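Since the structure comes first, as structure tokens, the remarks are kept for the end.
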């Protein structure tokens, strides 16, 4: 079934434009509220957001929708996505909502939905909600005496901080580590520095002054160079960059070298394997993860399971096959011993604890393998199906033939933006670049011809 509203990570788009309008948000609240009313108890939803200006509009619209469906709404305010996933279970809610467009600029926003178990919704449930959105959902709303109430919940930041701290041993202190934390002017701007400080680290917080417009603006996990500069400036031991909703993380070592999600997964997998904590004999990553990670794991007798892009699909594979580490190169890392979704802060704490235990610089601990040369380019499209053009198919076939068994090629439409992503990797960097450029040019030509 083709989806009109939901993409790879919920509903996302430019704020106040379809589908991220107040009207659609209200109807999502109605439809989702009606979909999660099993049992005779008083039904409730926990609702968090990041720091975007449009969050107020979407939040209020969704409150109206959920209350109209007869659900009580617990308002969390600005808080990380993984905190919503944790609190939907802790507060015994029927559904959790995070209003965020993750790493996107402020003018975008999105809606992520979690079930009562703290996991993102399956395609099947999203399809059911989609079907309700286009029907006369008002006919099934609550009677006037059964409408929901909305209330703001106090203390949720402290609850999440304690949850994050409990992922480390009780005797583990980060004392002696100088840590720069870049919160991307996003949802973790309060909780992340506080958690690190409470664990004993010397904390240098940056990008912790959200104004509604500056989330992810030249900062955070998609722009780690500002963090690298600050790490060098204050002579920190390590830097941590989160994104707008803090479900992804990128690390910077003391030399300013960027450590992506693949390296982080390799580090944690090796550590857990050595300590007999790794379950399932491998980890889960997406088709975009570097071939170097696969080779690193294979050298240790571990398997890399690949899924399509989207941390939701990573988690589904982890649950289906009984693995406890998964993630994406972008920095979504899911550690199912602790969390049901990607959690940037919890992941960073595992890295810091490993550095502390080994008593070695981050540069010696965090870079576990030499990445295979990889090139990723995006082609913006405005409609049509350029991947079906004969010239594009020919360029792809040629690239696959030339890369052979020593490389990989991934071409896919973005699930969150009007882009086609072209990625290739292999041991010959010049060949990789040439193959990506040929496919990008073919897609661009097909796009122009169809315009």
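Using the three backbone atoms N, Cα and C, a Cβ is placed for every residue, glycine included.
The annotation active site, phosphoserine intermediate is assigned in Swiss-Prot to 102. Around the Cβ of residue 102 (active site, phosphoserine intermediate), 32 further Cβ atoms fall within 10 Å across all displayed protein chains.
What Swiss-Prot lists as phosphoserine is 102.
If you look up Swiss-Prot, you'll see 102, 243, 245, 247 marked as Mg(2+) binding site. According to DSSP, residue 245 (Mg(2+) binding site) is assigned to coil rather than to any helix or strand.
Counting in whole angstrom, residue 102 (active site, phosphoserine intermediate) lies 8 from residue 247 (Mg(2+) binding site) by their C-alpha atoms. Annotation for residue 245 (Mg(2+) binding site): spatial neighbours 50, 80, 81, 98, 100, 102, 186, 187, criterion Cβ-Cβ under 8 Å with sequence separation of six or more.
Sequence-ordered, the extra residues of this chain that approach the Mg(2+) site, with Cβ no more than 8 Å from the Cβ center of 102, 243, 245, 247, are 50, 80, 81, 100, 103, 186, 187, 242, 244, 246, 248, 342, 344. Using a 10 Å radius centred on the Cβ of residue 243 (Mg(2+) binding site) and all shown protein chains, the other Cβ atoms total 35. The 10 Å shell around the Cβ of residue 247 (Mg(2+) binding site) contains 34 further Cβ atoms across the protein chains shown.
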